[in-house]
Amino acid sequence: MAAFCRIKRSHFLFSRSLKQFLNLYTQNNNTQIQNPFIKYNLFQFSSTPTCQKPQNFLPPLSLEDSRIVDKLVHVFTKRLDTLKSEELDELGPKITTLIVEFVLKRLKSWRIAQLFYNWAKNQSGFSHSCHTFNLMAECLSAARQIDSMRMLVNDVIKCQCYFTPRALGFFIRCLSNQGLVKEANELFDHMQKSGLCVPNSFSYNCLLDAISKGGDVGLIELRLKEMNSYGWQLDKYALTPTLRCYCNAGMFENALVVFNEMREKELVDAHVLSILLVSFSKWGKVDKAFELVERIEDLNISLNEKTCFVLIHGFVREGRTDKALQLLDKMRKMDFVLDISIYGVLIEELSRNSEIEKAMQLYEEMNDSGVRPDIKILTDLMSCVRDERDMIRIVEERYESLELKDRMLLYNSVLKGLINNGSTDKAYRLLCASTGLESGGDFNKDNPFSMKELVCPNTISFEIVIDGLCRADRLEMALSLFRDMDHIGCKRSVLLYNNLIDYLSRSARLDECYELLNEMKQSEFRPTHYTYNSIFGCLCRQGDDAGALALVREMRVHGHQPWIKYYTLLMQKLCKDGQAVKASNFLADMVQEGFLPDVVGYSAVIDGLIKIKQLDKALDLFKEICARGHCPDVVAYNIMINGLSKAKRVLEAQGLVDEMMDKGLIPSVVTYNSLIDGWCKNGDIDRAIVNLTRMTEKEREPNVITYTTLIDGLCNAGKPNDAMRLLVEMESKGCLPSRVTFMALVSGLCKCGKPDIALTYLQEMERKEMKPDPYVYIVIIKAFINNLNPKEAFNVLEKVVHDESLQDLNGKDLSTLKEAILSLLADPRTSSNVKILLEEGHFTALCSISEIG
């Protein structure tokens, strides 16, 4: 044994001397020296990246060295300023790397170890070795001292210390454990480029493992190429971190390629499989994960319990209880012991999805297997159970064995379950029986729950029942129960006040809302934004702008914001009643109170002002939005553009469209339709066509309104042929003409003196079972008369004489029809036939003309 120790001691001294020689040689010759540990093959290591420390093959301590170690440990563990100790001055020149290593092993605190490490580093003639660096790295990594780890990396780089491949791998592992992947890569490159270490497959595998945790696919692929360039075969310990890296990055196609390669090499084990499965589950690839689970038997691998538990939780998180239950069935077949966490997560999800039967089956299975359900599982079941018999059974089985706190939770879940089942009366009577309040019924007769000792309901109990009564439209009972809380000494809550005020406001019982609000102010409870907005919403629904503004002022004092949906509703209601000016004033008052209304509220008022012909005021308000820092949305712009277009102020509307695009807003189909309609009504059909072109350029598909507007505009501009071509283009693009489209074309063709063609489109309408408005027939009749074709005019008149809708004609259309009939009466070619129709008296309008005749 002594001989062996002397050999190892000589080995150590040789290595140290060799290092000093090489350092001296390098300084004198300025040449690159190969790592002596590799050159002389002093240490042989496998590529397996285990977590064990690299062995340093150093001899045991001599008696003198042991005494030095004891003294150092003693000095550094005393409560004094060790750096000024006289003993240290004596011990400093005597330390060796072997002594430092033994001291570091014996120091329990990372702080003391770091203090000693720094002291040793500063001793003249001493340099740390790869072994002391690794001991320090192990210590700091275990203590999670990330900043100190970074400083240690800097020390390694400055020290220019040689590392064996295994020592470098171990150091990288320590860095990796604290997520210092960047530092691990930088150190690896430094050691390799400086010749301080020639990494082997073990070193690379440790680095790959570090990179995989960060999911840097590009970096891990670069390192794999380096390994391939050395002619190394990628083993399990290289492929496993590569698989993990692809999984962490969500690159499952690449991950499967690596997995298949490992399977071909028979390297797949339960750990490798779990990496892929858990990653599939994490990224929501439930079907792929389960498909892989199904193939496990072919791989001759057994899943472990931990992986199955993780998968079930993952499947449930993705809402795939179907696959979770299938995996649970596999776990049963593998005789795994199912714990309460698995049952809990499944019952919770099944309860949430109202899969009552499956949830109850799992509950029964728990009972049969001796797993005692906790209160969370019981309350989850109560929330979904619909059969009162199941509720009774759960209560009878568990209630007596629960602690008081859990009894309270179960009691409240029973109340909630009854209300969810629509048994609000039973929940009400159960609560009253528990408090000694009068419920108006015989609870002992109706109560199905045999609880020997009913708990005293708490505030949550009342919140559940009162909310249930409110939802069942039993406000009076809810208010009465709320008042009874004082009698039994049960504390009220903000939630109770808010719920009651909300339901009262929905019933427009404002006086009672304000009564509860004042009661809150006088109590310990402060009204919340929900309290105020419930009342504010009621005022807005009633169109009470004065009351709403008064409440807004009070809300401002207490730091609450009025909800957009309510004051927008008020704006819409006022505008609908023709009070857009009042709505505009309300917004101005809100601004004065320090609230900047939303664009939606402004848009509603702008629309209202336009409808009452206050276009300039609407435009001023629109400009005010921009001045106040709001960026009007597309809807707001559309309202303004439409109003300007209809007022024939199309150039201003076009300017707003350009402004929209400058602000990065994309005009919608509605925007272009408004502009096209404006240009058509302005008689500028060319600009209307330009906007149609812009629509297609901006990938805005013209709709039936677009085409109908343009067809009408083209006809009004005396371009009937272009209008008919546009109809063909419309149909070719899959946009089907509507009844209004055909009527616009028929009417337009008649205006252009083409009643014959118009009649063909009218007949097409009839084939498509589209009924035209009466005025269309009148326009055609008039056009044929103007074209000196009274016979065709009479044919149309004769065809529609039985149309009852013609009896409702009035105004201009009726006058036009009378003129047409008088014209046909005066024409000898049609006179006699018209008289016959008049004499038959088919409808009131013709009869009045017969009297004139």
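Cβ coordinates are placed from backbone N, Cα and C, and glycine is handled just like the others.
Whatever TrEMBL says is automated annotation, not expert-curated.
Keep in mind the model is a prediction, meaning the values are calculated, not measured.
Look at TrEMBL and you will find 164-198, 235-269, 304-338, 339-373, 458-492, 493-527, 528-562, 598-632, 633-667, 668-702, 703-737, 738-772 tagged as repeat 'PPR'.
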Sequence-remote contacts (6 or more beyond its ends) of the repeat 'PPR' (703-737), Cβ cut-off under 8 Å?
-> 669, 672-673, 676-677, 679-681, 683, 685, 688-689, 692, 695, 744-745, 747-749, 751-752, 754, 757
Provide the three-state DSSP residue tally for the repeat 'PPR' (493-527): helix first, then strand, then coil.
-> 26 helix, 0 strand, 9 coil
Would you kindly list the residues that approach the repeat 'PPR' (339-373) from elsewhere in its chain, counting only those six or more residues past its ends and only Cβ-Cβ distances under 8 Å?
-> 309, 312-313, 316, 319, 321, 324-325, 328, 380-381, 383-387, 390, 394, 397-398
Would you mind splitting the repeat 'PPR' (738-772) into helix, strand and coil residue counts from DSSP?
-> 26 helix, 0 strand, 9 coil
